[in-house]
Every structure is written in C-alpha cells, then in structure tokens.
Amino acid sequence: MAQGVLVITEQIEGAFRKVTYEALSEGKQTAAALKCGTAAVVLGHGITDIAEQLGTYGPDTVWVADDPALKEYTVDAYANVVSDLVRREDPAVILIGATTQGRELAARLSARLEAPLAMDCVALRVDEGNVTATRPMYGGKVLADLALKGNPCIIAVRPNAMAIRKSEGAGTVEKIDVNVGDAAIRFVEKQLEAEKTDLTEADIIVSGGRGMGGSDFSILEALAEVLGAAVGASRSAVDEGWRPHSDQVGQTGKVVSPNLYIACGISGAIQHLAGMSSSKVIVAINKDEDAPIFAKADYGIVGDLFEVVPAITEAVKKLKAQI
Ligand SMILES: Cc1cc2nc3c(=O)[nH]c(=O)nc-3n(C[C@H](O)[C@H](O)[C@H](O)COP(=O)(O)OP(=O)(O)OC[C@H]3O[C@@H](n4cnc5c(N)ncnc54)[C@H](O)[C@@H]3O)c2cc1C
C-alpha cells in the first residue's frame, strides 16, 4: 500500500470502538481523493476473527497483529509494532481515533517516525493532493485548517465528529509478524467501569453542574435513561466529589461531540465550553437568564432544573409511549 492511507483501529475486549469506523470511513474517502488504497491495522490477542468486521467499511487490506504481548495496550509495544508496519508499508496518511489511547500512541508514533501530527481533528479534505485537517483551537473558539507536510502525516480524529459510511470491497485479512521489541512499560492491572457508555462516544449527553446542589444526580440519570444518554458533569460537580473525574467534560476532562448535549445548572465557563462546543445541538437549562451557556446553546430554558428536567423526562416518556 505504498503511499496509501493506514487506519490504526482500537478495540476493547474484542469490540471495535465507534471512532474506528469513523476513522476508517474518513480514511476511505481520503484515499479516494488521493487515488490510493486504504489499509487498517488491528492489534491485540485473539482478535483475528474480529478483523473481518472491518470489511464493510472498505479497507483493501486489514493487517492483524495478534500476539499475547499485545493483549493489553501499552504504548511501547503498540508503537513498536505499528512503526515496523509503517516503515514496511510506507503509508502517506495515518488516521487514528483521538481517544486516550489513540492520543498517546499518535504522539509516540509522531516522535518515532518524525511525522507531523494533527490532534483532535473534526474534518479532513484533500487539496491538490495534500491533506488538510481541521481542528478546533483556543477552547473551540476557532477552527484551524492545518496543512500537513511530511510523509507519513498522522491525523487523530475526534470521536463522534465524522460520519460512518459503509463501503464496497471486502479487503484481505493478513497476519503480520509481531516483534514488540523492548518495552519499558509493563501492564499491571485494568479496571473497567462496567456498563458505562464512554462519554466521547455517546450520542446524547445530559450533564450537571454546580446547580445540581449535591451528589444526587437521579433526575439527570432518569432523563438520560429515557433518552439513551450518558451522564456528564462540569468540573465544579467533579471537584465537589459529586461525580467521578471520568464524567468531567471540558478542558481538563473529556472533549465530546454528541448529537445532543443538555447542560443542566452549568454556567458555561470557557473551560467547560472547550469540551462540548462541537456538540451538534446544545440545550441549556439554567435559572440565570444571563448565564454564558445561553450564548452557545441552540435552545435555552430559563428555569429551575429541578422542575424542568423531570418535566422533560415525563414528556419524552409520553412521546415514546405513542410510538
Ligand atoms: C485550568 C482550568 C481548567 C478547567 N477545566 C474545566 C473542565 O474541564 N470542565 C469544566 O466544567 N470546568 C473546568 N474549569 C472550571 C471552570 O472555570 C468553571 O469553574 C466550571 O466549569 C464551573 O462549573 P459550573 O458551571 O458547574 O458551576 P458554576 O459556574 O457555579 O455555575 C452553576 C450554574 O448553575 C446555575 N444554577 C444554580 N441552581 C440552579 C437551578 N436550580 N436550576 C438551574 N440552574 C441553576 C447557576 O445559575 C449557574 O449558572 C477549569 C478551570 C481552570 C482554571
């Protein structure tokens, strides 16, 4: 695939993360514009069977690095294996999800391969054979177009920002020889938060801030349940110990781009907006009509969240009962 597009996939316990399909769909389109092929690489152990699931998204080749040493992600081992593959296959563009794992791996590969890296991109286009990546900057206040000059160039795509498109052409699945090399990092233990949708992949997020007044988020959880949403929080709510840090949205929390973001009792500080302003539709519920969040919201409700949120939950329940 010399000078093609390589997508580094991410799977957890044998299930691909949604951003993998987003990156692959974008990779396929980019490859079409560059008139080259698309490949994907899957790393892990016991994952050869799942590699075929990628076929519907159109890669020409799926490289499988299946080895006990890759069962759990460590940046050393994964970077060693991917950089060997990159040196051999010589892709022009590498796409990876800007997840916690993807950000770390992308940065390591960028240093190792002396390749330019654009982090947290929300769009890609090809201009006269050159890839331009768009990413939010200054806490989401501007969108910057970055022209990447280098070979390969690495682009980490923000989860939920790009469309998933199925594509023709089931590719071949090929195993690669794995040499994890020297690894300074050793995997010790992993603790998964059971049954919780990752905020970065949620279609809908209901977030609570200091206006919740305490750790009882049950009215938000009830709304989230009827909407099939995940629950997020502002830093104030996290600092108060009302929610775990993994729920925090913002500059020092998670960057999210759901289809719908409902901010309840959140004032709209710049550091919070940095994490959610690329949401497709923003609804704000706040009792202060001058709260800055209303400047960013598509729909605003001035009112007491303890009255408004249960009313919305009931209305959604009624609507769902009619379907
Ligand atoms: C370096 C740095 C990094 C940061 N990173 C983050 C980050 O990642 N994420 C983040 O969120 N913040 C972050 N912050 C903090 C940020 O500046 C704000 O302090 C924080 O976002 C405020 O949280 P809040 O909106 O929940 O609280 P507040 O600003 O106190 O707002 C509470 C809102 O609730 C409303 N309210 C109160 N009661 C009700 C009610 N009954 N019904 C309806 N509305 C009600 C009030 O009108 C008010 O607007 C960071 C700050 C710094 C300096």
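Residue numbers in this text run from 1 along the chain shown.
Note: Cβ is positioned from N, Cα and C throughout, glycine not excepted.
Note that TrEMBL annotation is computational and uncurated.
Copied from TrEMBL, the annotated features are:
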BINDING   Arg210, 234-235, 248-252, 265-272, Asn286  FAD binding site
DOMAIN    5-191  domain 'Electron transfer flavoprotein alpha/beta-subunit N-terminal'
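Over the domain 'Electron transfer flavoprotein alpha/beta-subunit N-terminal' (5-191) the predicted model carries a mean pLDDT of 93.
The C-beta environment of Ile266 (FAD binding site), restricted to residues of the same chain at least 6 apart in sequence and closer than 8 Å, consists of Ser207, Gly208, Gly209, Arg210, Gly211, Ser234, His272, Ala284, Asn286, Ile293. Here the binding-site residues are Gln248, Gln251, and the one whose Cβ sees the fewest other Cβ atoms within 10 Å is Gln251.
Ranked by Cβ neighbours within 10 A across all protein chains shown, the binding-site residues Arg210, His272 are led by His272.
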